[in-house]
Amino acid sequence: MAPQLLLCLILTFLWSLPEAESNVFLKSKVANRFLQRTKRSNSLFEEIRPGNIERECIEEKCSKEEAREVFEDNEKTETFWNVYVDGDQCSSNPCHYRGTCKDGIGSYTCTCLPNYEGKNCEKVLYQSCRVDNGNCWHFCKRVQSETQCSCAESYRLGVDGHSCVAEGDFSCGRNIKARNKREASLPDFVQSQKATLLKKSDNPSPDIRIVNGMDCKLGECPWQAVLINEKGEVFCGGTILSPIHVLTAAHCINQTKSVSVIVGEIDISRKETRRLLSVDKIYVHTKFVPPNYYYVHQNFDRVAYDYDIAIIRMKTPIQFSENVVPACLPTADFANEVLMKQDSGIVSGFGRIRFKEPTSNTLKVITVPYVDRHTCMLSSDFRITQNMFCAGYDTLPQDACQGDSGGPHITAYRDTHFITGIISWGEGCARKGKYGVYTKVSRFIPWIKKIMSLK
C-alpha cells in the first residue's frame, strides 16, 4: 500500500509543474513590456523647482514645450530648439559680406547688409566706394554703376578684381619685418581714449614737432629717412617715396647749409657704420609760410607753417632692402575717405624724447589717434588750415617733438602702409590739451607727382 501511495504523490507533482512554470515566468511580450524604462515623471518637489535646461533637455530628451517652460521666451526657445534638434547650421559662417546668420531646422537664413542679396548674401546689388571701400584693397573709383579697384605703384590687381598683389620683394608700404606679438601701438586702454578739448594756452609759440615712444626695431619703420646737417647732426626726418625721392617738411630746409640723408638706420650713434647719401636738389612748395614769419589771415587768425612740404631729390638711387622700403603714395580720395577715417596713424623719428632735451640716438615710434577737425581747431591758438590735421592725445605724454619734423605719419590699410602726413609743428611737445599738427599729404598729391615726374 505504501509504495502505491508514494507513486501517486510523484505522479501528482509531475503533473503540476507546467502550471507552476506558467505562474512564475511571464511570456516574452509581457516581460519586455514590464522591463521597459518609462520616463520618470517629475516628483512634486521637482515640479515646483524653476525650469532647468540641463535637467529638462540634456540629462533627458525634452519636448519643445518643455524647453519653452524653461526659457519662458518664444524667441529664445526657437533659437535653442533649432540648434537642439539638428545642430547649428551657422557654425560655418555661410553668410558673405558680414551678413548675419540665423539658424533653422535643417536650414539657415542670412540677413544681408544693404546692397547685398542672395541666400548667402553673395550678390552685390550696388557697390559704392563709400561702403567698405568698395571691397577694394587699395584705391576705389566709381565707373558708371559699378566700382573699379586699382592698386598703388609696384602692385598689380588680383584676379578677383579687389586684392592687390606685390610685384616685387620691396614694393612700397610693405612692412616685411612687421610686428607680430609686439604691435607698434599702445595698449587698448590708451587707444580707446577720446580726444577731449581743454583750455587754450595763454602763451602760444609754435614749436617744431617722439616723446615717450617705443624703440622701432630694424626693418619695422623701413620708410624712415634722417636728414643730417653739415656737423653730422640729426635735424629733421623724412619719408622715402621712391629710390630718388624723400618727402619732408619745408621748414626743415632752411635750418642748415647742407643736407645729407641716412636710410635704414635705427641707431645713429654708430657713425662708423652709417652711410650719408648726397642730395641733388630740393623742391620747396612756393606757398610755404616759414616759421619765423606768420601772417594775419582775413579772419584775424595767426597762420604759420602753411604748405609745409618739400621733396628732396637724391644724387644716387636709394638701395631698397628688408630695412629700406618706400611708403606708398595714396590717391587723395583714398586718403581722405579711407585712411584718415581709420582710428590712428604711426609716427616715427629720432627727435627729442623730452621738451628741450637732446635728440634720441635710437629710432622711436608711437601710434597717435586722429583728432576730429573741430576739436583740433579749438585746441590751438594758431589757425589750422585745410592743409593741416591734428593727431595725438589730449592728456597722455605721447607726441612728436623737435628733430622729428619732416618725418612720416603713416596709416596702414589691409597690410599696406601709406604716407598720410608730415610731422610739422605743435605748441610744445606732449602738452596737455595740445595735439601734434601735420601737413595733410592728400592736399598735395598732384604737386608731389609733378615734382617726382621731373627729370
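Note that Cβ sites are derived from N, Cα and C of the backbone, with glycine treated the same way.
Checking Glu47, Glu146, Glu233 against Swiss-Prot, you find 4-carboxyglutamate recorded for Glu47. For Cys149, the cysteine that Swiss-Prot lists as its disulphide partner among Cys136, Cys151 is Cys136.
As annotated in Swiss-Prot, 4-carboxyglutamate applies, among Glu59, Glu122, Glu272, to Glu59.
As annotated in Swiss-Prot, Cys151 shares a disulfide bond with Cys164, one of the listed residues Cys164, Cys172. Glu46 is the residue among Glu46, Glu183 that Swiss-Prot describes as 4-carboxyglutamate. The 4-carboxyglutamate entry in Swiss-Prot, when matched to the candidates Glu66, Glu265, Glu427, corresponds to Glu66. Among the active-site residues His251, Asp308, Ser405, the residue whose Cα lies closest in space to that of Cys221 (disulfide bond) is Ser405. Ser405 (active site, charge relay system) and Cys376 (disulfide bond) are 19 Å apart (CA-CA, integer value). Neighbour list (Cys136 (disulfide bond), Cβ cut-off 8 Å, at least 6 residues apart, same chain): Cys129, Thr147, Cys149, Ser150, His162.
Closest to Cys140 (disulfide bond) in space, going by CA atoms and restricting to the active-site residues His251, Asp308, Ser405, is Asp308. In the structure shown, the C-beta of Ser405 has more C-beta neighbours within 10 angstroms than that of any other entry among the recorded positions Ser92, Ser405.
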